[in-house]
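*Asks:* The following block contains the structure, expressed as structure tokens.
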Amino acid sequence: MYGIEYTTILIFLISIILLNYIVKSVTRIMDYIIYRFLLISVALFALTRAQNYGINLPITGSMDIVYANSTQEEIFLTSTLCLYYPTEASTQINDGEWKDSLSQMFLTKGWPTGSVYFKEYSSIVDFSVDPQLYCDYNLVLMKYDQNLELDMSELADLILNEWLCNPMDITLYYYQQSGESNKWISMGSSCTVKVCPLNTQTLGIGCQTTNVDSFEMVAENEKLAIVDVVDGINHKINLTTTTCTNRNCKKLGPRENVAVIQVGGSNVLDITADPTTNPQTERMMRVNWKKWWQVFYTIVDYINQIVQVMSKRSRSLNSAAFYYRV
């Protein structure tokens, strides 16, 4: 009799222990499932609701002025457009409200009032000294001038590409270019650049290092000069530092938030001759209208097609920066 009672009690205790183990196991499994579900839910919520901090940004190059991170909304609702035009345009139009009129026309194309900025420059040469492109999309209008064709080409090469630059101390050091993507960019009110290539003994090749007059002149009285010399050879450089700044730059690739629209001329400027320049005909365009109203009307009409061949950027160009990425 006592044996049966002891057996019953033992079975009862074992059942309680087993049930307790099962309950704890089920609890642990449920906790794991619940925590995993919550973790996945939070992660998905963050990905679908948070701002885009670079996942879909098409350009990895950067500049020294940061804009807000882009979102997944329509570009025309959150983007800014800068239109750079010569003084000649506003002089010819001669209407104090022409910008307001164009803003209303851009509104019909999906660009809200206040998202389009009109920026005037006096001449291509002056614009070359300090180009500053601050908007998400930048359209630079250049009136074709046969006498300024080379200046226009150099400016287009500068603003249609990204450049990583360092300052140069030409009084202390010799410099050499490491490859085709390496150029020297000079900017200022007057840049005359002379170079003297050196041999391995630092003696001048065809020039005297102590006689500046014997140096080869590669730019004269320019406001913007992109200098290319023979790679792998040290050069002694001479220029007037009071009126010109020289930088050692490397071309990184196309700056896809900038487009150049050439006004007039028989052909679109070709900057693809440089082997480091990717074909950029899509962002080099030409319109042949004699009147500036007609030019701006055409731009308004095709603005959305134009920006489709461009890419929005998170940073801007500011050539005034000392250590900068332009």
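A Cβ is built for glycine as well, from the same backbone N, Cα and C atoms used for every other residue.
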*Asks:* Suppose a student reads Swiss-Prot and sees Asp228, Val229, Asp231, Asp301 listed for Ca(2+) 2. Which of Gln177, Gln201, Gln262 should they find annotated at that same site?
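*Replies:* My reading of Swiss-Prot gives Gln177 as the candidate in that site.
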*Asks:* With reference to Swiss-Prot, which of the candidate residues Cys165, Cys207, Cys244 participates in the disulphide bond with Cys191?
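*Replies:* In Swiss-Prot, Cys191 forms its recorded disulfide with Cys244.
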*Asks:* Name the residue from Cys82, Cys135, Cys165 that Swiss-Prot records as disulfide-bonded to Cys249.
*Replies:* Cys165
*Asks:* Roughly how many Å separate the Cα of Cys165 (disulfide bond) from that of Asp95 (Ca(2+) 1 binding site), to the nearest whole number?
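*Replies:* So the Cα of Asp95 (Ca(2+) 1 binding site) lies 41 Å away from that of Cys165 (disulfide bond).
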*Asks:* Quick one: of Asp95, Gln177, Gly206, Ser214, Glu216, Asn238, which recorded positions lie within 10 angstroms of Cys249 (disulfide bond), measuring between C-alpha atoms? Sequence order, please.
*Replies:* Gln177
*Asks:* Closest of the recorded positions to Cys207 (disulfide bond), Cα to Cα, picking from Gln177, Glu216, Val229, Asn238?
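*Replies:* With Cα distances computed to Cys207 (disulfide bond), the winner among Gln177, Glu216, Val229, Asn238 is Glu216.
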*Asks:* Give me the long-range Cβ neighbours of Gln177 (Ca(2+) 2 binding site): same chain, 6+ apart, Cβ under 8 Å, in sequence order.
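*Replies:* In sequence order, the residues whose Cβ lies under 8 Å from that of Gln177 (Ca(2+) 2 binding site) (at least 6 apart) are Lys183, Trp184, Asp228, Val229, Val230, Asp231, Gly232.
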*Asks:* Sequence order is fine: just name those recorded positions in Cys135, Cys191, Cys196, Asp301 with a Cα within 10 angstroms of Ser214 (Ca(2+) 1 binding site).
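*Replies:* Within 10 Å of Ser214 (Ca(2+) 1 binding site): Cys196.
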